[in-house]
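Asks: Please read through the structure below; I'll follow up with questions.
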Amino acid sequence: MLIIRNRQELKEAILKQKKANKTIGFVPTMGFLHEGHMTLVSHARKETDFVVMSVFVNPTQFGPNEDFDAYPRDEAHDAKLAEEGGVDILFVPTVEEIYPTELATKLHVIKRVSVLDGADREGHFDGVVTVLTKLFHLVNPDNAYFGQKDAQQVAVVSGLVEDYFFPVNLRIIPTVREADGLAKSSRNVYLTETERKEAPVIHAALQLGRQLIDSGETDEAKIVQVMTDKINEQTSHEKIAYLALYSYPEFTPVTDWTKGIIIAAAVKYSKARLIDNELINVKRR
């Protein structure tokens, strides 16, 4: 496995693979890798000839009161897991390498972001599409791999790819979970022992919502209330940041219960904000 830190070296390595007619799979991450990330790598390994992973904590997707400086980082750990997982190139740039000068242009997401994380984290998805635009140009992948846990991000990135004709196929991989149902996340390390014990209730509540919809329930308020009551059976969380249903991938009110729907939750704990979701009537790419 090659560890590359600068753009030019990465572009040269990618060009070499392209000249050899190798297909490239790309797994963009912010590091502190866990089994969820490695599942993406596993899919890339099976579906493409050459796997590139980026580890970059992107400052432009963090708000002024968010955890950029505190976000967990462990390059040695990441490199070990990446190599064991079959990554061919680990791209670990500095902030200066990705943002060498002040931006002269700005990407602004105008759809699919008025609710959920888009509403709670103003400017977050602008930062996401900015860094992914840069990374897609550098890596020039055939496939890019994302986890369903970040379903709103996936919808936004799908819009980016469609709007700007990026020649990349997005592969959306089901959320990887702990044995008790908690979605794997780098932020799980922030949970206290009690919070970690109770956090699986998020997934349990979402499953209740799915069961209601699958049984024919269309009273949105009732569905949300049942899920809210389930989460509030546990007491370690500070608040439910959101618990809602929307059409997917549009993130507009549900008008047709036979089409794509997302049930999404974000729950705030003392030092972590956890997100999770269930997708209904949605085909993964």
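Glycine is treated like the rest: Cβ placed from N, Cα and C.
Grabbed the feature section from Swiss-Prot, which reads as follows:
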{"type": "BINDING", "residues": "30-37, 147-150, V176, 184-187", "note": "ATP binding site"}
{"type": "ACT_SITE", "residues": "H37", "note": "active site, proton donor"}
{"type": "BINDING", "residues": "Q61", "note": "beta-alanine binding site"}
{"type": "BINDING", "residues": "Q61, Q153", "note": "(R)-pantoate binding site"}
Asks: Note down the number of other Cβ atoms within 10 Å of the Cβ of H37 (active site, proton donor), including every protein chain shown.
Replies: 26
Asks: Do me a favour and check the Cα-Cα span between M30 (ATP binding site) and H37 (active site, proton donor); whole Å is fine.
Replies: 10
Asks: Counting every protein chain present, what is the number of Cβ atoms, excluding its own, within 10 Å of the Cβ of Q148 (ATP binding site)?
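Replies: Cβ-Cβ neighbours of Q148 (ATP binding site) within 10 Å number 20.
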Asks: Between L33 (ATP binding site) and Q153 ((R)-pantoate binding site), what is the CA-CA distance rounded to a whole number of Å?
Replies: 18
Asks: Would you mind checking how many other C-beta atoms are within 10 angstroms of the C-beta on V176 (ATP binding site)?
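Replies: Excluding its own Cβ, the number within 10 Å is 18.
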Asks: Between S186 (ATP binding site) and Q153 ((R)-pantoate binding site), what C-alpha distance do you get in Å?
Replies: 16
Asks: Going by DSSP, is V176 (ATP binding site) part of a helix, a strand, or coil?
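Replies: In three-state terms, V176 (ATP binding site) counts as coil.
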Asks: List the Cα distance (Å, whole number) between Q153 ((R)-pantoate binding site) and the residue listed as 'beta-alanine binding site'.
Replies: 11
Asks: Could you tell me the C-alpha distance between the residue listed as 'active site, proton donor' and V176 (ATP binding site) in angstrom, no decimals?
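Replies: One finds 9 Å between the Cα atoms of these residues.
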Asks: Count the Cβ atoms, other than its own, that fall within 10 Å of the Cβ of M30 (ATP binding site), considering every protein chain shown.
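Replies: There are 19 of them.
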Asks: Please classify the secondary structure at H37 (active site, proton donor) using three-state DSSP.
Replies: helix
Asks: Would you count the other C-beta atoms found within 10 angstroms of the C-beta of Q61 (beta-alanine binding site) for me?
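Replies: Other Cβ atoms found within 10 Å: 21.
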Asks: What does DSSP say about Q148 (ATP binding site): helix, strand or coil?
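Replies: Q148 (ATP binding site) sits in a helix per DSSP.
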Asks: Among the binding-site residues Q153, S186, which residue has its Cβ surrounded by the fewest other Cβ atoms within 10 Å?
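Replies: Among the binding-site residues Q153, S186, the lowest count of other Cβ atoms within 10 Å belongs to S186.
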